[in-house]
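S.K.: My questions will all concern the structure given below.
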Amino acid sequence: MLTWPLSIILIAYYVNATCHSIIYVACQIYQTVYSFSSVCKVFVQRDFYIFSHLAINYCTLTQVALQAVICVERVVATICVRNYEKNGRSLGIFLLLIAVSVFTTVCKYFSIVTHSLFQLVIPILLEILVYSDDTFSEVSITFLNIPTDSIPDMNILFATCIPLFMTALVIMTFLLKLNRRRLSIIHSTLTYRFQTQQNVCTTRFIAYLSFLQLSQFTIYYGLGLTVRVMKSKLFTSESHWYTIFRTVFYLVPLFTFLLPVLSIYLLRKYRLKQEVNFRSIIAMETKGAEGWRNYEEIVITFPIYIIVQYALTVESLLSAILLIFVQMKYLYLAGYHFNIKLLISGYYLIATIHSILLIAFQIEHIIRSYTYANPCDVFLNHCFYTISHLLLVYGILALPCFQFAMSIERFVATIKFAEYETSGKRMGIMLFILSIAIPAISMAFTYEYKDFTEAVVNSLSTPVHAIPSAIILYIIGISLCTTSLLTVLILCLISQRRNARPNASLSVRYQLAENIKTTKFISMISIVQLLIYLAYALIPVFTLLLPILTMFQMTWLIKKRNIQVRSMVSVQAVGEAGWQNYVDMLNKQWKNPVELMSCNTFVFDEFW
């Protein structure tokens, strides 16, 4: 579970804690046995005091240095997560050497320790700067007491260590959250996700150790500093109480006891969790040769996966049949303006082609999942993958573009409703060409041929390197759907308010009624498309719902249109308005009966 550099530093960390425990136990046994031999021997010998006190404090301060080194190593491992596993050994050795010498300097008084056992350690581990000016000449009842001349420097050193532990704990917490966020990246490779998962486990483990050490050293340094500062006020005549309190507050042995217990529990827990996470990482990887080659046979033959492929094929087949039926029976015979009719026809044509292509690709995928001879046969040919994926994505991007073009056409038709019926066809042709060209141009900037070199088993899989750009296109598509829906809803309200005016002419009312029906029809399609595109994976469902919704909507609009046309051409026959209509009709009849007859014939032929 641990990387090579972290393993080296942690080994030194635990070896240092072990040495502290061994030295502490040995010194306590020696002092206890030696004090029983004589009353005068209750005080610690000078040579023993020098050796035991310097060794114990060196292990304690080295523990602080190693904690800082571990924190630095975790920062580097998080920053260089992709290549840290291969290139981290030199960093581990370098940081370990720093930790060994960080709290050491040249000792000025070699004569003090030349006749003690500590002279064997001095050439390797030099003495601490705090004790360089102290001769250890005072009498002490325990080797844990700090010499009087070194107390001010030791207080400063202790006060510096607590912020160091707190900083390390804050950094560990930040790195843990950062690595957790990295795990949520869906387009990361298998190696990257595995290394990030390792960083999460090791950083959490180090954070627990940092919290344990921070708690222990805060109590030890805080209470010890308080006792040393208040010694002259609290323990003036009772120095034995000062010694007792200093011994009780020395919690490093408690830390060295809890350290292996906590480590055994955490490492055993993380080892089991590592196996589960490793399996889940392999199971969730669905793109690229590195992921698929681990489990392609499991996915290809998975029953639910096969059922989904059959469901997509059936949906696409029904969609293609219904879309063709709707276009032949409803759209081509509809009395819409050329511009909107051209855009709606292109919209349905794109949906039909998308359904037909998806049928072909899904059938090929199902056949390949049953007929492959070796695991490599389940991967798509790079040329076939490129063509099929680009065609499917083109259909997905073209539908929002056509929808946005229809909203623009309806906007112009609503503004120029009086003369739009006699306007030309240039705007419709221009919007049609733009709706076809814009998706192709967007894909040219999104995809590169080298993106399709990875091994995949499904044409719908997006290349890993193109995922960030594809997400941007997806967001733009949703924005177009949302804008189109809001536009047609506002235009529908405007047309309804205009149609409610009583002084509108017959042709204006008819054009407004047509605008309302067409805008409502497009708004229904826009609502369904926006909801489906928010789910993205349900695009085959959209191509199935599109013709069904169109049939119901067109049937209802035809019936409503006939009723409204009859109401428009009917003449008011009662009241003052009826009398005025009767007088106007008589005047027109006596002035030009031939023209009136031809006009009435034209009107009724057009609407009936």
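The backbone N, Cα and C atoms fix where each Cβ goes, and this holds for glycine too.
Just so you know, TrEMBL annotations are computer predictions that nobody has curated.
Fair warning: this is a prediction, and the values are worked out from it, not measured in the lab.
As annotated by TrEMBL, transmembrane segment applies to 6-27, 48-70, 90-110, 156-176, 205-223, 243-267, 294-312, 318-335, 347-367, 387-406, 467-494, 541-558 (among others).
Are these features on the surface or tucked inside, and what touches them?
M.R.: Same-chain residues lying 6+ beyond the ends of the transmembrane segment (156-176) with a Cβ under 8 Å from its Cβ atoms: 61, 64, 67-68, 70-71, 74-75, 78, 130, 199-200, 203-204, 206-207, 210-211, 213-214, 217-218, 221-222, 224-225.
Tertiary neighbourhood of the transmembrane segment (205-223): same-chain residues 63-64, 67, 70-71, 74, 158-159, 161-162, 165-166, 168-169, 172-173, 176, 245, 249-252, 254-255, 258-259, 262-263, 266-267, 270, selected by CB-CB distance under 8 Å and a gap of 6+ residues from either end.
Tertiary proximity for the transmembrane segment (387-406) is limited to same-chain residues at least six positions away from its ends with a CB under 8 Å from its CB atoms, namely 340, 343-344, 346-347, 350-351, 353-354, 357-358, 361, 380, 431-432, 434-436, 438-440, 442-443, 447, 452, 459-463, 470, 473, 477-478, 480-481, 483-484, 488, 522, 525-526, 529, 533, 539.
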